[in-house]
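A.B. asks: As annotated in TrEMBL:
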- 362-827: domain 'Major facilitator superfamily (MFS) profile' (DOMAIN)
- 357-375: transmembrane segment (TRANSMEM)
- 410-430: transmembrane segment (TRANSMEM)
- 442-460: transmembrane segment (TRANSMEM)
- 472-493: transmembrane segment (TRANSMEM)
- 505-525: transmembrane segment (TRANSMEM)
- 537-559: transmembrane segment (TRANSMEM)
- 625-641: transmembrane segment (TRANSMEM)
- 666-688: transmembrane segment (TRANSMEM)
- 695-715: transmembrane segment (TRANSMEM)
- 735-761: transmembrane segment (TRANSMEM)
- 802-823: transmembrane segment (TRANSMEM)
């Protein structure tokens, strides 16, 4: 009989030991699962401490499991070997999770949806089952709210309360109540969880630090818009139960997670029942079958989201330490964690923030250059549209009559020469970045930008021809710096970001772009209102560019070079040190060592494929051509979406739809800037990592297309009156106001999709060694089409009128939306994982088996006394680190280790 490693509880209230046990064959109706990830729960340490549930010893614990189907028992249909599945373990050894293989009844096993990985899947089974049984299961075992998972059931207008809303079970209870349509969902939790709990369905969060448990019922009743009939006690102590009973109305019911609580009537018509949250419990099996049939779809559709995940080291051998930390309300030695709510995800919002604080700082500094990009994008249109500027440089005569052709030419030139310079800056950045890295080239590009900015403030207006030439030259030089920065910064930030938050961090790119645009609009508005007829009209807007440039240059002195770049040039020790610094972990910690091994394996594969890399090899190397095509096309389509035409020439665009006069057009532009900043910040913070890339690209393009069509139709049927010659403002009509509203909504659609996501996407699809070439080409494509759009927009606005908006509508619906559906999803993948994903899609250079071998080779090559890389074999090493199917099992509350195969899930 084959053997496996397992974590055994030797005797009642005894110690955990890693030992060898037989691998049992699956019985009829069962499937054998190779455990890839398992989560810990408070019940695990309580069984060890208090001795309950277990019938015999040695015992194996573990109730949250995710892995691969290894073998199928007799009579099982619907599963194949290799299927990725998740399930709930049980309190008998053959069905427990803290071992390499387990056997589970197939009718209570679900397939893992493609939008989550093993680690996330392993956080779901026990927590979700406990919430679902308590709320949905038929009475008397449950609340009876929806025993058949009928999605049409709706409790609209009714309130509910969850005590312990930030616990693992509490989070699923909130989501289920939201799914049931409850109008008021009150969570009792720490205030620091407020934003997250509201994002998953809570309508109100009562701060347990402000309102003591004894006053909870009173506070909840004030919030509720109707009598509270259902309460969920996710904490399970007596005080919480008493608060729930006090909060509900006569005839209401309380679900209590304490399985040993008494099922009883409280004496005043209020029902209290205990929850035994196991899918294996015979009375629950019919309900559990429906649950596990429905659950994967709910997760796939984003209606149920898993708990947040933190991985911990040392495999099976680390579980005991993890349980002790859970018992003592601690998570890791490096985190400041205070009191933990029972069964909670131990304040992972706080964990994520402080763990990645150095990465956020790096992104903040690197993206000051992106704020410059946004500022330069929005500033020129307002400057050249100023009447004094037009008169000074010969665009308008002294009576205010404008030479339309010359105005269009100068406007397009001042805007577009920046893009021309940026195009060449982006191209040059690739070989420079390959040779000198990310940090110091960014420093040099910032200085180049500053030189250009200085040139734009030199003209005094006394010599119009020379003055325009100086502005053009300054814009070209600034553009060169900006183009290089936009190519290097996303790569720098992406390479330094962990995959769990990479989309959010790299999404700051568009936040900074939108912020720069907004600032430029209001600078133009302020100058237009308060500066009259002197060169400050262009010197102030152009000169203020030097402030963020200086801050970026100084800030770059405080950040580290990219670990992936350092590894690509053989500076491995420095790379490990920088990676450890960014992750705020010891250099020899398992997470750092494993991430480094994966990086080096990918780099080694690329070196073998292309010994000497240049543009030709980078472009035509195996798997790269399609990546470059995607990168080129995504920015071609982005620029033809129409948003940059609106952004660059916002004052003129608003004037064309009826917002005449400098004040009106600039104020309308400023409002557009505010709308975009607020929307993109919200999206990057809460949407990009939750819903992925493809979905929002499609929604974005369809929304923009529909709104541009409405604007074009209104402009055709309700054209605004001609503007007065003296720049006098006029009150916009109802149609003009409607068109402005559509432009604001179009801006919202842009910044939740085609604004930030192309930059995130292209920074993710290239392997390390070609990433600088890929980002350079993507950035060059962006600037090339940016140049074309900025040069042609004034002319198209004059010549096409309303047809311009209809053209943009057609492009969005006919091209951008289709493209969004064709590209692969990258959410939740490490940068090295992209190679594996690409193979499955037919354009990758390395498959899972090859990557596995290469990581193993790297762990052996670099195994040093201070830098030990983890073994990827199913064996126990001298320091008792156990590798489970190339994966380290977890060791803390809701804390997972699912390293190797999780990477390629």
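Just so it is clear, glycine is given a Cβ too, placed from its N, Cα and C backbone atoms.
Values in this document were obtained by computation on a predicted structure and should not be read as measured data.
For the listed features, I'd like the structural context: burial, neighbours, distances.
C.D. replies: Long-range contacts of the transmembrane segment (357-375) within its own chain (CB-CB distance under 8 A, at least 6 residues past either end) are made by residues 442, 445-446, 449, 481-482, 485-486, 489, 492-493, 496-498, 501, 505-506, 508-509, 512-520, 544-545, 548-549, 551-552, 555-556, 558-560, 581-582, 584.
Below 8 angstroms of C-beta separation, residues 376, 380-381, 383-385, 393, 395, 441, 445, 452, 468, 471-472, 475-488, 615, 648-649, 652, 772-773, 775-777, 779-780, 782-784, 786-787, 790-795 of the same chain, each at least six residues beyond the ends of the transmembrane segment (410-430), sit close to that stretch.
Counting only same-chain residues 6+ beyond the ends of the transmembrane segment (442-460), those with a CB under 8 A from a CB of the stretch are 366, 369, 372, 421, 425, 429, 466-468, 470-471, 473-482, 484-485, 488-489, 492, 535, 538-539, 542-543, 545-546, 549-550, 552-553, 556-557.
The list of residues near the transmembrane segment (537-559) in space but at least 6 beyond its ends in sequence, with Cβ under 8 angstroms from a Cβ of it, reads 361-362, 364-366, 368-369, 371-372, 375-376, 379, 382-383, 386, 388-389, 439, 442-443, 446-447, 449-450, 453-454, 456-457, 459, 471, 474, 478, 516, 520, 523-524, 527-528, 531.
Taking Cβ pairs closer than 8 Å, the transmembrane segment (695-715) reaches residues 641-643, 656-657, 683, 687-688, 735, 738-739, 742-743, 745-746, 748-750, 752-755, 757, 801-806, 808-813, 816-817, 819-821, 823 in its own chain, all 6 or more past its ends.
Packing against the transmembrane segment (735-761) from elsewhere in the chain are residues 490, 494, 502-503, 506-507, 509-511, 513-514, 630, 634-635, 637-638, 641-643, 646, 653-654, 657-659, 668, 671-672, 675-676, 679-680, 683-684, 687-688, 693, 696-701, 703-704, 707-708, 710-711, 714-715, 717-718, 720, 778, 782, 816, 820, 823, 826: each is 6 or more residues past its ends and has a CB under 8 Å from a CB in it.
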A.B. asks: Report the mean pLDDT of the predicted model across the domain 'Major facilitator superfamily (MFS) profile' (362-827), rounded to a whole number.
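C.D. replies: The predicted confidence over the domain 'Major facilitator superfamily (MFS) profile' (362-827), as a mean pLDDT, is 80.
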